[in-house]
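> Just lifted these from Swiss-Prot, have a look:
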type	residues	note
BINDING	97, 107, 135, 225	substrate binding site
BINDING	225, 249, 253	Mg(2+) binding site
BINDING	283, 284, 285, 286, 287, 288, 289, 290, 291, 292, 293, 294, 295	NAD(+) binding site
SITE	142	site 'Important for catalysis'
SITE	193	site 'Important for catalysis'
């Protein structure tokens with residue numbers, strides 16, 4: 001019997017609610033597929049601030065390092081916005097990524113056939129969308145030095161940031177994208193701004209160099225402004241999108257809305273070795289917390305992504321994804337997906353229960 005240790009970070013807002021659903025689903029898959037999941041819950045984000053004064057306690061980080069995978073629900077709350085930056089929940093997430101040496105964010109965007117009408121775009125535009133955004137996570141303008149603010153008599157207040165990438169940083173994220181592309185349609189679109197930015201010129205050079213090791217992969221390039229337009233005009237043209245931290249932050253959120261709800265989207269943050277962090281794209285949604293209104297499907301799909309990418313439990317992952325499609329195909333919806341009120345509306349717990357029934361063939 002396969003055995004895996006998972007650190008579960010339930011976090012803030014709707015995090016505990018969707019975590020309960022994820023644990024029940026793992027229990028169902030454990031029984032069906034003879035897999036042992038040892039789940040260790042640890043405080044993180046605002047939850048950890050309340051308990052320890054820190055968003056990422058050392059004990060939590062150590063548990064994550066000792067795990068096979070980390071499953072994160074959601075963090076953040078406006079009540080922490082006035083704290084010093086290093087004590088906010090979001091800084092805890094940055095420190096977790098740094099502590100686990102995670103540099104690649106993988107965000108799949110797939111249109112589930114039962115939800116085509118939920119998208120704000122026409123069905124003929126989005127019906128075949130199945131793409132993945134591979135975003136570099138630890139370099140670029142968010143981390144470049146120098147950065148800061150200064151006051152001058154001539155110009156008044158002045159702020160500055162530095163966008164910088166090295167060969168090594170580009171090469172390793174490119175390898176992630178090319179390896180992923182080999183398991184898909186063998187197409188990569190690298191997004192940059194090489195017409196005006198030196199850092200993007202280096203990015204393009206290194207990505208072209210990386211392709212030499214993958215002659216069967218079709219590589220194209222788009223400037224980020226054009227790519228933003230193409231994602232809305234013809235999103236099905238994309239297979240794997242490779243891009244830098246800043247551009248990926250923007251492009252991945254735009255791509256997220258192709259599905260009609262951010263409550264449907266999983267993601268993974270990966271390094272070269274060690275455990276990855278698997279989490280929904282959505283935030284902690286404190287306005288609907290504790291009301292049984294949250295859509296747990298992004299958390300459930302993150303669990304499936306963890307099973308496939310982090311734990312190599314391919315059959316269990318496919319089983320879970322098929323169960324989700326089966327439930328959606330029956331017309332069950334959480335409130336964020338029930339726009340036309342023609343489907344059966346479920347709460348967070350009830351949606352989880354229906355997916356467990358589908359796993360068990362009911």
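The backbone N, Cα and C atoms fix where each Cβ goes, and this holds for glycine too.
Small disclaimer: the values here were computed from a predicted structure and weren't measured.
In terms of burial and nearby residues, how do these features look in this structure?
There are 23 other CB atoms within 10 A of the CB of residue 107 (substrate binding site), with all protein chains counted.
Its Cβ placed at the centre, residue 225 (substrate binding site) has 12 other Cβ atoms within 10 Å. In this structure, residue 225 (substrate binding site) is part of a helix by DSSP.
Following the DSSP three-state reduction, the secondary structure of residue 283 (NAD(+) binding site) is coil. Sequence-distant contacts (6 or more apart, same chain, Cβ under 8 Å) of residue 283 (NAD(+) binding site) comprise 13, 74, 76.
When secondary structure is read from DSSP and collapsed to three states, residue 142 (site 'Important for catalysis') falls in the helix class. Counting every protein chain shown, the Cβ of residue 142 (site 'Important for catalysis') has 15 other Cβ atoms within 10 Å.
Secondary structure at residue 193 (site 'Important for catalysis'), as computed by DSSP, is coil.
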> Here's one to test understanding: among the binding-site residues 97, 107, 225, 249, 253, whose C-alpha is closest in space to the C-alpha of residue 287 (NAD(+) binding site)?
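That would be 253, the closest of 97, 107, 225, 249, 253 to residue 287 (NAD(+) binding site).
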> Using C-alpha atoms only, work out the spacing between residue 293 (NAD(+) binding site) and residue 253 (Mg(2+) binding site) and round it to an integer in Å.
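Between the Cα atoms of residue 293 (NAD(+) binding site) and residue 253 (Mg(2+) binding site), the distance comes to 22 Å.
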> Which one is it: of the recorded positions 135, 142, 285, 291, whose Cα lies the shortest distance from the Cα of residue 253 (Mg(2+) binding site)?
135
> Counting other Cβ atoms within 10 Å of each Cβ, which of the binding-site residues 249, 253, 287 scores lowest?
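The binding-site residues 249, 253, 287 were compared, and 287 has the fewest Cβ atoms within 10 Å.
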> Compare the Cα of residue 193 (site 'Important for catalysis') against each of the binding-site residues 97, 285, 289, 291, 295 and report the nearest.
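Ranked by Cα distance from residue 193 (site 'Important for catalysis'), first place goes to 97.
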> Report, in whole Å, the straight Cα-to-Cα distance of residue 249 (Mg(2+) binding site) from residue 285 (NAD(+) binding site).
19
